[in-house]
Amino acid sequence: MKFAVIVFPGSNCDLDMYHAVKDALGEEVEYVFHTETSLEGYDGVLLPGGFSYGDYLRCGAIAQFSPIMEEVKRFAAEGKTVLGVCNGFQILVEAGLLPGVLHRNTGLKFMCRTVELKVENNETRFTSDYAAQETITIPIAHGEGNYYCDDATYAMLQTNRQIAFTYTDNPNGSRGDIAGITNKAGNVLGMMPHPERAVELLTGGTDGLKLFTSLVKQGAHHVKTTV
């Protein structure tokens with residue numbers, strides 16, 4: 001597979017995402033600047049963490065209007081793989097590709113530490129290499145990771161099995177302990193924790209690696225069956 005890492009002004013986890021794909025997975029990856037208007041030739045899109053446009057107005061609120069985002073929407077509508085991590089998750093929500101909103105953490109402080117997650121659905125293209133209900137350890141680094149949605153949306157997420165990851169010990173107040181969700185089609189995932197920072201033992205663990213290996217296996221299968 002060939003991946004595009006979207007770079008917005010203020011992105012700071014693009015290097016980590018690039019490293020996870022190129023060095024940990026050995027897959028092809030390129031940076032794509034936010035002013036571009038084509039994703040032709042790519043099989044997957046990765047929206048990294050950071051502080052796009054300085055997080056002015058709201059996290060991701062300005063980035064959603066970047067030229068590349070219209071192409072990301074088209075890409076997602078075609079059933080292709082889109083992953084947004086931390087600020088990338090916030091951008092996906094602001095762009096309407098995922099439901100809900102991300103508020104300030106309940107403690108009103110930026111948090112940077114490792115947390116435990118539970119794999120709620122291992123039947124997505126992002127989680128198939130994990131065991132059902134597997135507990136994994138992944139870093140977080142955010143000040144606005146408190147996921148919220150209304151009752152109807154939360155019921156929909158549960159019914160459609162769109163909740164991919166939950167926190168075992170909720171650090172930010174997210175509704176239902178939600179750490180990551182997919183769209184209804186299952187080809188778009190947004191999550192606040194950083195799997196790209198957990199792909200090597202040297203840097204603290206490899207629990208994030210299975211997300212990327214799942215993505216490659218399932219994504220490659222999807223590409224083959226839809227060409």
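Cβ atoms here come from the backbone N, Cα and C positions, even for glycine.
What Swiss-Prot says about this protein:
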- 3-225: domain 'Glutamine amidotransferase type-1' (DOMAIN)
- C86: active site, nucleophile (ACT_SITE)
- H194: active site (ACT_SITE)
- E196: active site (ACT_SITE)
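H194 (active site) sits 7 Å from C86 (active site, nucleophile), taking the CA atoms of both as reference points. Fewest other C-beta atoms within 10 Å: among the active-site residues C86, H194, E196, that description fits H194. For the pair C86 (active site, nucleophile) and E196 (active site), the C-alpha distance works out to 11 angstrom. DSSP assigns E196 (active site) to a helix in the three-state reduction. On the 0 to 100 pLDDT scale, the model's mean across the domain 'Glutamine amidotransferase type-1' (3-225) is 94.
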